[in-house]
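> Questions regarding the structure given below will be posed in turn.
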Amino acid sequence: MYQNLAIMIIMLPLASSVINGLFLKVIDTKLAQIIATGFLSLSALFSLVIFCDAGLDGNIIHIKLLPWIEVGNFKVNWSIYIDQLTSIMFIAVTWVSSVVHIYSLGYMAEDKGIIRFLSFLSLFTFFMLMLVSADNFLQLFFGWEGVGVCSYLLIGFWYSKESANKAAIKAFITNRASDFAFILGIITIIVYCGSANYKDVFSSAELLSNTKIFLQFSILDVICLLLFIGCMGKSAQIGLHVWLPDAMEGPTPVSALIHAATMVTAGVFLVARCSYLFEYSPLVLQFITIIGGVTCLFAASIAIMQSDIKKIIAYSTCSQLGYMFMACGVSAYNSGIFHLVTHAFFKALLFLSAGSIIHAVHEQDIFKMGDLRNKMPVTYGNSLIGSLALIGIYPLAGFYSKDSILEAAYSSGSFMFIFGIAAAILTAIYSMKIIMLVFYGKTKLEKDVFEHAHEPAKIMNTPLILLVAGSFFSGMIGYYLLSMDKPNGYFHESLFNLHIYKLLISHPPLYIKLLPMAVGIMGIVIGICVYNSSTIMSFRPSSMSFPRKRESSKPFNLVYNILHNKYYFDEIYNFLIVKPINCLASLFYLGDQKIIDRFGPNGFSRVVNCFSVLTGKTQTGYVFNYALYIVSFIVVVISVFVWKG
């Protein structure tokens, strides 16, 4: 029974996508909505059953569906592998996806492309489920690339908008750059292990770590580094994060799905799944810790200066992913996945609440909003719960999972603990920035827009109850019932930790355990003080019409410009990569047009045309001309024979 349910969990979203996609022109909109939401809801319910068997009871479900690749001794089967890690990912992916599908029925109700949209959402979910249930690297890569293609389709869903098309292309190309490293990593694995199956590769980890290729670097270090670069692109870590804010051009439900439980978490999942490899590569683990710690602070600092509500939450996602990678870097994979699961619920709640606000006021700039708490009390409550969970306030989910990460970072002696604490303060500040500017103060909306602002339809608000429940209880369940914060807890059979005893014997002092929430409360107070004044320190250009404090000092302006322009990453990449490539492309274009085409196909065609024109002029229609041609030909022939002989 469990095997059949496991197959249905993955195939139901695919069936939904295929039915709605193939019969796009003929299927009734209501029927398409029922199929999409019904199939995804069934998938979510079945994932609960699988969680009870594979997750709670620890039974591994391994189904070999069919042979896929067979070349000599190299064999890969198309399989489904479900253990404790996969089962918890099933819960996060299917439940958040189901809520997003239902929410979309209201949000996209007036959009003519809603059936196409639902088809893309379902396909996205299928590829993510395929990714997390793979038992080999090639099948994982299939799901990995699948979510990349679907993100391109969803970000650019409104293809008539030039900005949406550019954002989709940017996301696609950025991920292709990182995926190139990922492909090289998989190829290296196959070359050195002779297999792509997890079991075979993981059993070779220690041997690979002893195979030195340059100084102290082993082939395993190279493999792990290449795999992690792939993760950096997919999970928007510093340097490869530039696609993330632009991805907000897609419909808001897309943002909730991509940035909560699916595509961006794939990188964290991969590092956790490959813990058997990474544990034997301490150099790469240190690199992961640094990248994660720097990203969580870097992205949080950018979020402070943003004014677009969706971009603030997007950079928040980037920051929280940094926390997850920091946990993996200090070998606390369990804490990283724990935060991944809790984050899926409260981040989806924040995105969909933002969608309700945008749907009501048709505006994304939080500095143009205000005083909406009485107009939209349910949305206000949802946003507040999501924000407090993100900050890590007891007893909400983020309190348990984020604290687990910071405690592990402290116990490992990593300096990134300081970065994590600093990011926690900034997280509280930008979360309060949204709450105070959107729901409090004097509204800056036009009078008729403000008067007509209201709660969205029940079909949009009702499913958010599940996310509210997840934001409240997922942390408690994970901490008290499943012991996800402990390396020998829920994930002890799925994740590998070479030095598990170090984490087990470490007991951070009480003040370290309380510090994250303390700095979170401090950040809340700062946020309220800064954004609740009649003279808001808005950190906006001086051209804005609403009040701001007197001109700041040059150092402040410098910091403001750096953060407001997102550390100039886009400008740097444009100068170093985009412009040189465009110049090279122009050079090749000129070479193609002026040289190859001119003297090649176009030149040859011009010669033929010229010859045909000259030949055509000989066809005068006069008999005496033709007689002249014949006589001339005879004279030439006779002359040749005479000359030769």
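Even glycines carry a Cβ here, placed using N, Cα and C.
The transmembrane segment annotation in Swiss-Prot covers 7-27, 31-51, 88-108, 114-134, 137-157, 177-197, 213-233, 252-272, 284-304, 312-332, 380-400, 510-530 (among others) and rests on sequence analysis.
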> Using Cβ atoms and a strict cutoff of less than 8 Å, what residues sit near the transmembrane segment (510-530) while being 6 or more residues removed from its termini?
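Cβ under 8 Å, 6 or more out: 391-394, 399, 402-403, 406-407, 410, 420-421, 424-433, 435-436, 536-537.
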> Using a cut-off of under 8 Å between C-beta atoms, tell me which stretch among 114-134, 137-157, 213-233, 312-332, 380-400 contacts the transmembrane segment (7-27) the most.
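Most contacts with the transmembrane segment (7-27): 114-134.
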> Which residues of the same chain, at least 6 past either end of the transmembrane segment (88-108), have a Cβ under 8 Å from a Cβ in it?
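Beyond its ends, the transmembrane segment (88-108) has Cβ neighbours at 9, 13, 33, 36-37, 40-41, 43-44, 47-48, 50-51, 55, 82, 114, 117-118, 121-122, 124-125, 128-129, 132-133, 251-253, 256-257, 260-262, 265, 269, 337, 340-341, 344-345, 348, 352, 355, 359, 456-457, 459-460, 462-464, 466-467, 470, 490.
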> At least three Cβ pairs under 8 Å linking the transmembrane segment (137-157) and the transmembrane segment (252-272), pairs spaced 6 or more in sequence?
yes
> Same chain, outside the transmembrane segment (252-272) by at least 6, Cβ under 8 Å from its Cβ: which residues?
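For the transmembrane segment (252-272), the sequence-distant neighbours (Cβ-Cβ under 8 Å, at least 6 residues beyond its ends) are 85, 89, 92-93, 96-97, 100, 103-104, 107-108, 121, 124-125, 128, 131-132, 140, 143-144, 147-148, 151, 154-155, 157, 227-228, 230-237, 244, 278, 288, 310, 313-314, 317, 321, 324-325, 328, 333, 336-337, 340, 343-345, 347-348, 351-352, 354-355, 358-359, 495.
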